Amino acid sequence: MNQLFLHCRPGFEKECAAEITELAAAQGIYGYSKTKDNAAFVVFITQDERGAETLIRQLPFQSLIFVRQWFAGFGNLSDLPVTDRVSPLLEAARALPKTSDLTGETVDTNEGKALSALVKKFLLPFGKALDAHKCLDRKSPWRLHLVFLSGTEAYLGVAPVNNSSAWPMGIPRLRLPKSAPSRATLKLEEAWHHFIPAADWDRRLAPGMRAVDLGAAPGGWTWQLVQRSIYVEAIDNGPMDKDLLDSGLVTHVLADGFLFEPKKPVDWLVCDIVDKPARVSSMVIKWFSKGHCRQAIFNLKLPMKQRYMEVQKCRTRILGELGSLGMRAELDFKQLYHDREEVTGYLRVF
């Protein structure tokens with residue numbers, strides 16, 4: 001397998017391509033990317049005939065920023081006969097490793113979403129054909145991915161179950177709670193799902209912890225913390241949701257988020273302030289260097305150009321400055337589904 005299919009946010013194809021090219025080279029694997037603006041996917045073609053398979057095994061999916069989901073294969077299948085798409089796709093599947101499951105996908109564009117009904121309808125007969133030809137093995141570490149780009153073109157490939165997103169297309173199925181003050185609440189929930197293993201939630205998001213939410217109004221992120229019974233200082237000059245204030249867990253502080261500092265250390269810092277990445281990075285460094293918190297989730301609003309480079313610059317600076325203070329830190333970034341022109345960072349120190 002020499003081709004990697006990479007789902008990404010529409011408009012971030014160049015960042016996705018730059019990232020996979022750099023990370024692949026670090027693994028000694030070289031190739032080139034095929035991109036199209038706003039297509040919501042990138043295809044990375046390796047020089048080595050097994051380069052994509054090696055990459056998807058060795059490169060930690062968790063380390064990828066702009067890639068929502070990925071799988072390795074041999075390339076696209078075009079001119080699929082409308083009357084029998086199963087036969088050519090079955091032939092392609094038989095050249096791949098046996099898989100434990102089948103996932104049907106589109107790309108995250110309006111054109112892609114229009115194919116959702118086709119994908120859903122096709123999965124049943126295709127799944128039966130795979131089963132009949134012994135292409136499925138419930139114990140296999142691989143998952144089979146099928147992406148339709150049109151009614152006659154598709155990509156087919158495999159991804160390691162333990163080194164890929166658990167969600168089709170890398171898009172979590174989260175529902176907006178009726179009582180949440182804003183849609184931004186889903187961003188923090190998705191961040192927790194991505195950065196913190198489910199088995200660690202009770203320990204790292206424990207009831208009774210204390211958090212500071214910078215730029216909190218009207219309270220989307222604070223709402224998530226309150227649902228975990230975490231005490232929150234909500235810092236914002238704007239108004240907060242009344243029900244949150246009545247919960248007994250929230251203290252609203254009228255202040256500038258960049259100037260506020262807690263009187264005592266807290267467990268969590270969360271920040272969704274719209275500002276330059278360098279300024280947000282400085283604030284995060286200040287909080288950790290002064291011992292104000294041990295964990296943080298924050299957003300970096302990206303510039304129009306050199307967005308991947310900007311994230312890498314912020315990463316290098318944060319880790320470098322904390323490292324110079326003798327602090328051992330873990331820092332990950334991800335462009336979440338609920339992010340827009342931004343990435344979300346998770347930082348903790350040990």
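Glycine is treated like the rest: Cβ placed from N, Cα and C.
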Out of D200, D236, D332, D339, Swiss-Prot lists as part of the S-adenosyl-L-methionine site with A217, P218, G219, G220, D256, D272 the residue D236
Kindly assign G219 (S-adenosyl-L-methionine binding site) to one of the three DSSP-derived states: helix, strand or coil.
coil
For D256 (S-adenosyl-L-methionine binding site), the same-chain residues 6+ apart in sequence with C-beta under 8 angstroms from its C-beta are N237
Least buried of the binding-site residues P218, G219, G220, going by other Cβ atoms within 10 Å?
P218
Cα of G220 (S-adenosyl-L-methionine binding site) to Cα of K301 (active site, proton acceptor): how many Å, rounded?
18
Starting from the Cβ of A217 (S-adenosyl-L-methionine binding site), draw a 10 Å sphere and report how many other Cβ atoms land inside it.
19
